[in-house]
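A quick write-up on the structure given underneath.
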Amino acid sequence: IIEYNRVWIPDNKEVWQSAEITENYRTGDHVLHLLLEDGTELNYPVDPAPLPPLRNPDILVGENDLTALSYLHEPAVLHNLKVRFVESKLIYTYSGIILVAMNPYKQLPIYGDAIIHAYSGQNMGDMDPHIFAVAEEAYKQMARNNRNQSVIVSGESGAGKTVSARYAMRYFATVSKSNSNAHVEDKVLASNPITEAVGNAKTTRNDNSSRFGKYTEISFDQRHQIIGANMRTYLLEKSRVVFQSENERNYHIFYQLCASALQPEFKHLKLEHAEEFNYTRMGGNTVIEGVDDRADMMETQKTFTLLGLKEDFQMDVFKILAAILHLGNVQMTAVGDEKSSVSLEDKHLNIFCELLDLDSDKVAQWLCHRKIITTSETVIKPMTKLQALNARDALAKKIYSHLFDFIVERINKALHFSGKQHTFIGVLDIYGFETFDVNSFEQFCINYANEKLQQQFNLHVFKLEQEEYMKEDIPWTLIDFYDNQPVIDLIEAKMGILELLDEECLLPQGTDENWLQKLYNNYINKNPFFQKPKMSNTSFIIQHFADKVEYKSEGFLEKNRDTVYEVLIDILKNSKFHLCANFFQDHPVPISPFRSTITVKSAKTVVKSPNKQFRTTVGSKFRSSLYLLMETLNVTTPHYVRCIKPNDEKLPFEFDSKRVVQQLRACGVLETIRISAQSYPSRWTYIEFFSRYSILMTQQELSLSDKKKICKTVLQRLIQDPNQYQFGRTKIFFRAGQVAYLEKLRSDKLRQACIVIQKNFRSWHQRKKFLHIKQAAVTIQQYFRGQRAVRQTITATALKQAWAAIVIQKYCRGYIVRKLCQLIRVAAITIQAHVRGFLARKKFRKMLKEHKAVILQKHARAWLARRRFQNIRRFVLNIQLSYRVQRLQKKLEDQNKENHGLLERLTHLASTHANDLDTIQKFELDLEKLATQKRTSEEKGKKYKEDTEQVNLPPSNIIFFPTDKMDDLTKQLFTDVQQEEKQRIILEKKFQNEKQDYEKEIESLKGEIKTLKEEKIKLQDQIQEEHIIQDDLKLEVGQLKKQAKMIPELQKEIELLQTQKMDVEKQVQSQKREMREKVSEVAKQFIESYDVEAVRSRLSTEDLEHLNEDGELWFAYEGLKKATRVLESQFQSQKENYEKEIEALNFKVEHLSREIIHLQKLFREENDINDSIRLEVSRLTSENMMIPDFKQQISELQKQKMDLERRLQEQAARTKGKMEEMPKQVHHNLSEKGQRRILEDQTEIHTKEEEKQIVTIQEIQEANNHLKKQHEIENEVKSKIKQEAFHLTLENMDLEEELDMKDRVIKKLQDQIKTLTKTIEKANETHVPAVPKEYIGMMEYRKEDEARIIKNLILDLKPRGVVVNMIPGLPAYILFMCVRYADYLNDGDMLKSFMSITTNGIKQVIKEHTEDFEMMSFWLSNIYHFLNCLKQYSGEEEFMKQNTPRQNMNCLKHFDLSEYRQILSDLAIRIYHQFILVMKNNIQPMIVPGMLEYESLQGISGMKPTGFRKRSSSIDDTDTYTMTSILQQLSYFYSTMCQNGLDTELLKQAVKQLFFLIGAVTLNSLFLRKDMCSCRKGMQIRCNISYLEEWLKEKNLQSSSAKETLEPLSQAAWLLQVKKITDDDAKEIYERCTSLSAVQIVKILNSYTPIDDFEKRVSPSFVRKVQAMLNNREDIPQLMLDTKYLFQVTFPYTPSSHALEIIQIPSSFKLGFLTRV
């Protein structure tokens, strides 16, 4: 206890308060002088009180494991938890083997599947504390040791036990997911919502409080996959069914039922709102904020169904629940003081009996009476109203208890498995130690269970400590720890509290008071753990391990008996509702054959009473189940999770120190700390100690090679007392406080080193400053002394001589300067004259050009404006015409439809009125004539529409003419339509009323026919007007031609401009020459006029020396030189200006030429438009004349067909003759060299003739198509043209088939000729000289050899033997050459077979070598080359652009393999994904050790203590992965891919994917490892990233975008290093960290951990500032990066440069049966 040390002192508000010692403490002092954190001074009494506990150094605060603290005591634990929870927002902390879980009362993004996968396979100390880490440890120990495990989750209500147990079960279900379709994992997880619905309720402390204990055994098979589960429950709080305190609710299932009462399937239950039932409204509020009971009901039903519990079962359960609610509403009426009754008309009584199928009379009677059986008689005794209400409530509790057990049993049956269980993991979700203002029987049982669990926990911790010491060969000393066996004996031993309670329950007149009196008599002053309250005679106190608890004895006997009157039980037994009846059978048939998966015998046998009337009490049942639970836990390896409730207000991240300390004392965390602190609490591995405290070692100690020996030597030197530490085999054990002492030595050494550095720096800085001042003083002295010497040496003669010399110099210099000035002036005037003249001429020429350009632009813009205006006007008029014609056409169509309707009505009337048949027939004939005339007019209207759409009317003087005509036409059509409507109305009236009016209607129709004829005449007039329009178009074409004649003139002007440009350039060059000549002449004149030697001869030697010293004459000479240089620079700048102007002129000329070209293009487009207009007009005029010529065209087509048939017959005869002559010619021409060429020429002739025939057929088809188009004009000729076209197409098809047959015959003959030539060549090999073979890039093979090809080329091929000295993708080229051969033979079956067997072979070899990287790389490269070959030689133009002519000749001829290309592309993607997966599996174990744990910059990080959960490390760390390992692995991947010939783009994509994996895995691990979030670790990460970037640069992969994938990791490293104090720092973090999400930034800031005392933690206020800025971002609130994300892969097309003709098969391939063609 010395000055400046910090201690903890008790505080009423915060439990413990920090203070600093201001004066050294000496033995015997009565007070300790302290300074509190708020600045107040305090004299703390220490005599006789003990000294206050010391505070840990700040460097140790916030550790993941409480056992890593140097000083282990209550205030240190409390402060560490507070710092982690409030400042770092970390809810999990280790305390030895315990995981302390603080309830954050807020959803945190730390439970996703990515987090689960991150913890899977990791050691417990490698990651931050988490429930998943405990679950992984249990799962790993089960798989490794084949030993059953248990996860014990405890804590008080609202601490988060249920959620923690749920997450543990979810972890097991995720990491052990099987491949079967049973979905056992989902069923196991689905059991939670059901048990929470029937066993959880809202309390004052928790909205979802579990009111029962639960132990779930998750069973695994030998492959460690879930196969089933079993659930055991403990001590359901049945009293909640009939009573709830204020602001509490009944079990959730009742409110879910009431919320769904209006659903059709629940109407028969006759439920109402929850406020209408006594059992659900006692707490006051029936709704939980943020909870939808109706939605929860749907979720409950869904999970029931998922577990296989069908709707009829669910409805039976809901019936019983509804019956309980109705039972609670049954009204009891008091009849006097000792009787009560129930009305038989009670609505709820009848519903209760109806739902359970009971006799309502008996139920009403025995709810108010009870039967007392004695030895002599049976007495029926009435009950008071209070007794009747108690009987009703007892019945309700009994029914619900049986229902709860039944549901649990059915869940167990659903989770039952048929196979054999190998191991299991049990998850115990049980209530923690409870103490309330009023504690009753439930709290007594709960605390009894916690006493048993605490005893088991203490023994387990003691056992682990002993094992740790024995493993490390440390002498074991007996540790005194708290043993609560006396308290357990007080409760459960013979004549203990429970046994006395059961004994009192046996007595008919037993009461709570009698039982309590027995307790007083047996235990007061006899047992120190039992006490009597001073102010109460109805309570007793038990000293539990956590605290004293006062229990109120009222209700103990009733709750322990849990009795229901036998008569009511008998009534329920006789229920016709089978489920209800089964609940109360004496020996019920087990509903489920499911049994517990393990057999455990109870430690103590429970004595059964011989009395049949005796029922097992609740206490004895609970004790038996507790024995079974403890035996189960004793045969398993336990893992402890202690849930802590940080505050009672459910506020997020609020820390109430009093409440937390109370729970820490109750849950055994402090007991663990106390046990650890008694021995050696701090434990360091030798590597950690060496890394952390190497700064304390001397050079002599560091020179030793054995690190273990170094650590021992250093400790013996630093700590004199050997009892303060022990050396184990792998660890060093320290007593409490020794690590803090070492930290102090380390910080003192660092502080001393800083002082030395500061001293040397300040010395260097002051010395540098002193030397600078000294140099300045010496300089001043030098000048001062020189001045004094000059003054001493100056005399009168010296002054006169100096004055005379100055006068001479003055006149000499004046003369020289005047001469030079005159010379420069003359030169300047000359230069100015020439320059001004040049500028004036240049300006004139520029003005002239601008004037001409303005004229050109004026004409061009005017022409463009006129053309644009005409186009717009033409477009508007065309739209008007089309719209009007459409309207007319629509009206004509409507009129035509109405006429057809009239026809139908007329025909109908004709059948009924036979007398008027003649008149109606005449009417129909007239109507048909009218229809035909309308069709003709309609068709002419269509023609006119097409004319107006296609004809663009450019002339402005004619363009308005059609609009006026169209207006007249529309008016006439409108009048006609109106007349037709009126006439239609008249017709209808006349047909209905009188038959005689038909003749008048016919006359009116005749009038309409006349009007249509007039319209026809008008249309003909319009056609004549169109002829006039055509003439006007011709005139406009003439005008455009005149404008086109102006283009040559513009071109001439451009040529003139170009000639002027050339002249300007010549003038500039000539002026340049003249200027150079003038300057040279001026220089010569000056040199000639000035005689240097004469001046020198006139001067004396002294004058010459003075002259040379002053340098005036030479200065003048140099000035002239400078003047000439200035002139030259000016000339050069003018030259550059001239060149720029010339470039500008060139640009203008080019611009003008472009405009002229554009004008020419516009002129040509205008001519094309005019030509199209003329053609369209001529077509419109000629189409009217074409109809009579159709028959003539058809006859001509028939003649052409006959000619084709005749030519085909002649061609067939020729081919037959030629084929008969070919063998003869082969035999005669063997000696001639051109034999093949003749055959090829003949085949080419045949093919040309065939192509001609095909062309003629195509022409016929085009003629047919033309006929079809013309057929639409005239309806009368339409049917005939269709028939003719049909006949012609059929004949054409026949001709095409005949041509195909001929082609096949010719190909077969060619093949025969080739075989004949081969045989003849073989026969005459001795006679004919050898000719060098010319290969065509194919591999000949037989179909039966396909399996051998695949076996030797794919299945048995080893990549390493291929990639050496061979072209990349050689197997792919060989496969493609075989494909070419099949295509060459035109054998589709052979090609299909070969392609299918090839793809199957590649799939097989990939399946057999899924983990072989070289094989994956090899076949990815080959399938890529194979795919490119199929594209390159497919014959498609897009793939043939870069081919050589020879490669284009080798294209596939007969088959389109695009489908196979798609199959191979899918296979390539599949191989690529597996290829990436293999690389991931190889490099992923290296990432975290190499990128995070390895120190690339040696000695910069320094380790911190990790506590009980040590990372797996040894003294020899040579086998650990480093950054070099990652780079070597990347280089191996790169070299293998390059050797296998993988395409560069594919290689870049693979590297990008690998770098993304490295960045994501490293960043995810950084998020989950608080010990890695430090400034120095950020420097390490930045260094490692630079190594990766250097590797990319070395391999020339900068363009792969791999560097960008590391940007989140790079920003995280920068965030660790940057200053985090001011608002500017927060703004900089917001602006720089764009690749990190807001959640990730806040996580890093909260996890930032200083390594030394020189670093500062990030304040919560700063984190809040950054978080406020980040709230504006719209990013995904996810913490972890998806390491399984794959970038989209693309396979680029790169044509091969290898010629197929030169490829040869190596002998190592064993493909000698293939021959090159």
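Placed from the backbone N, Cα and C atoms, the Cβ positions cover glycine too.
Per TrEMBL, the features are as follows:
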BINDING   Gly155, Glu156, Ser157, Gly158, Ala159, Gly160, Lys161, Thr162  ATP binding site
COILED    878-947  coiled coil
COILED    977-1085  coiled coil
COILED    1128-1155  coiled coil
COILED    1187-1214  coiled coil
COILED    1257-1326  coiled coil
DOMAIN    2-56  domain 'Myosin N-terminal SH3-like'
DOMAIN    61-747  domain 'Myosin motor'
DOMAIN    1395-1672  domain 'Dilute'
REGION    626-648  region 'Actin-binding'
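Shown on the structure are the features that TrEMBL records.
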| residue | record | contacts (Cβ under 8 Å, 6+ apart) |
| --- | --- | --- |
| Gly155 | ATP binding site | Ala101, Lys161, Gly432, Arg642, Cys643, Ile644, Lys645, Gln663, Cys667 |
| Glu156 | ATP binding site | Arg205, Tyr431, Gly432, Phe433, Glu434, Cys643, Lys645, Gln663, Ala666 |
| Ser157 | ATP binding site | Thr203, Arg205, Asn206, Ser209, Ser210, Tyr431, Glu434 |
| Gly158 | ATP binding site | Asn103, Thr203, Arg205, Asn206, Ser209, Lys645, Lys650 |
| Ala159 | ATP binding site | Ala101, Asn103, Gly432, Cys643, Ile644, Lys645, Gln663 |
| Gly160 | ATP binding site | Ala101, Asn103, Cys643, Lys645 |
| Thr162 | ATP binding site | Glu196, Asn200, Asn208, Ser210, Asp429 |
Same-chain, non-site residues whose Cβ lies within 8 A of the Gly155, Glu156, Ser157, Gly158, Ala159, Gly160, Lys161, Thr162 Cβ center for ATP are Asn103, Asn206, Ser209, Ser210, Gly432, Cys643, Lys645
Secondary structure split (DSSP) over the domain 'Myosin N-terminal SH3-like' (2-56) reads 0 helix, 25 strand, 30 coil
Secondary structure split (DSSP) over the region 'Actin-binding' (626-648) reads 9 helix, 8 strand, 6 coil
Lys161 (ATP binding site), Cβ-centred 10 Å count of other Cβ atoms over all protein chains shown, is 28
The average per-residue pLDDT within the domain 'Dilute' (1395-1672) comes out at 85
